[in-house]
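> What follows is a structure written as structure tokens; I'll ask about it next.
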Amino acid sequence: MIKNKHNAVAIIVVLLFGVALFYVGTDGFQAYTAESARTAKLIDEKPSFPEVTLEDSQERMYPFSEFEGKYVMLTFIYTSCTDVCLQLEVNLAEVYDQIPEKYIGEDIVFLSVSFDPTRDTPEVLDKYRSYFESDGETWRMARIPDQQELDSLLDDFGVIVIPDGEGNFVHNSAFYLADREGKLIDVMDYTKIDEAAQKVTSILDAEAGE
Amino acid sequence: MKQAIYGLVLYVFLMLPPVANLAESVMTIHMHMQMPLFVIAGMLMTPYLKQRFPTFFAKWNRNGVPGIILFMIIIMYWMLPRTMDEALTIYAIEIFKFISLPFLAGVPLRDSWIKLGKMGKNIIFVTLSLLCGFMGILYIFSPEQLCNNYLIVEQITLGWAFLFLALSIIIYFIQQFFVDKTEYE
């Protein structure tokens with residue numbers, strides 16, 4: 001019996017180790033994929049949008065602080081994309097339509113950032129913009145010409161872009177919401193359009209009510 | 001002793017940066033080749049470790065149950081989509097992979113397996129095949145990209161590899177009921 005005691009202790013130790021390992025490894029049984037861990041971390045840390053220079057579909061160059069004082073709804077895309085980006089932008093257009101018109105342009109702007117600056121020139125972006133009936137003003141599409149600035153932004157926001165070797169990229173997609181100071185406050189599931197629109201509207205409503 | 005050296009050589013070889021990078025560049029090879037090879041490296045080193053620390057294994061893994069639970073915990077941990085991603089992006093997790101798979105999965109598996117009874121072995125076969133089957137279905141039918149570092153195509157390939165593994169375990173499990181081992185021994 002005495003000898004079996006060690007065995008029993010070992011079972012308990014191993015089980016405790018297992019619980020601890022899974023607890024730490026999944027942020028307390030919350031995040032089983034790196035993507036869910038990433039969004040949870042972003043919402044927790046609220047990083048500021050780094051100072052990058054954007055060039056939009058109308059060839060205007062400006063820093064991100066152009067949008068200071070407004071909420072910014074962001075997506076990351078590249079126009080040669082044939083699957084996720086299209087869906088992402090179609091969904092973003094639906095969110096755009098669901099937000100009360102009085103807020104659009106005044107309190108919130110939409111911005112689609114391309115991470116493929118070599119191919120996504122202002123002309124290409126302008127054509128792409130028209131597919132989604134974006135007006136290029138309250139919903140802008142822009143590239144970040146400086147590769148270093150682009151990389152630091154993708155890195156800060158945890159956007160992982162993998163070139164697949166055939167000119168396409170695979171990337172994680174979401175709606176990103178930055179507040180009036182340019183701080184990231186939420187990362188939303190891009191497949192849940194109504195939920196995202198409601199969330200944004202309620203934030204804007206709450207502020208308008210004050 | 002010879003086995004331990006083979007194990008050590010395999011272990012060091014797998015950790016060489018070019019070898020590790022190559023193995024991790026393809027999702028299925030990462031999960032179904034690199035990781036099992038680390039476990040095998042650990043298994044090859046087991047007899048030597050048991051010779052060095054005979055009392056440790058006899059005392060703490062007397063009936064094989066603690067060891068086999070530890071083995072299951074470690075392999076389940078490495079089946080999570082997140083840990084595969086983090087092994088690529090976080091260096092500490094990669095190091096943990098190099099240590100945990102041989103020494104916390106391979107060594108206890110070999111030590112426990114001979115100590116387990118028929119019933120214990122059957123439980124492990126069934127659990128493993130269910131687990132692999134579940135992971136296979138998850139990776140094949142998940143509409144989302146589960147790992148940020150791998151393409152969806154690779155994810156589906158990995159799913160099929162899991163199903164194949166599950167099927168292989170089931171076939172092995174079933175055949176032992178029909179084959180009389182003593183005829184061959």
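Glycine is treated like the rest: Cβ placed from N, Cα and C.
Grabbed the feature section from TrEMBL, which reads as follows:
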TRANSMEM  A:7-25  transmembrane segment
DOMAIN    A:43-209  domain 'Thioredoxin'
BINDING   A:Cys81, A:Cys85, A:His171  Cu cation binding site
DISULFID  A:Cys81-A:Cys85  disulfide bond
> Using a 10 Å radius around its CB, how many other CB atoms surround A:His171 (Cu cation binding site)?
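21, counting other Cβ atoms within 10 Å of A:His171 (Cu cation binding site).
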> Helix, strand or coil by DSSP: which one applies to A:His171 (Cu cation binding site)?
strand
> Who are the chain neighbours of the transmembrane segment (A:7-25) in space, where the CB to CB distance is under 8 Å and they lie at least 6 residues beyond its ends?
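No residues contact the transmembrane segment (A:7-25) from elsewhere in the chain.
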> Give me the long-range Cβ neighbours of A:Cys81 (Cu cation binding site): same chain, 6+ apart, Cβ under 8 Å, in sequence order.
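The answer is A:Asn168, A:Phe169.
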> Please list residues from the chain of A:Cys85 (Cu cation binding site) whose Cβ is under 8 angstroms from its Cβ, counting only those at least six apart in sequence.
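Same-chain residues close to A:Cys85 (Cu cation binding site) (Cβ under 8 Å, separated by 6 or more) are A:Ile77, A:Tyr78, A:Thr79, A:Ser173.
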> With H, G and I counted as helix, E and B as strand and the rest as coil, say where DSSP puts A:Cys81 (Cu cation binding site).
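In three-state terms, A:Cys81 (Cu cation binding site) counts as coil.
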> For the domain 'Thioredoxin' (A:43-209), report the average pLDDT of the model, please.
86
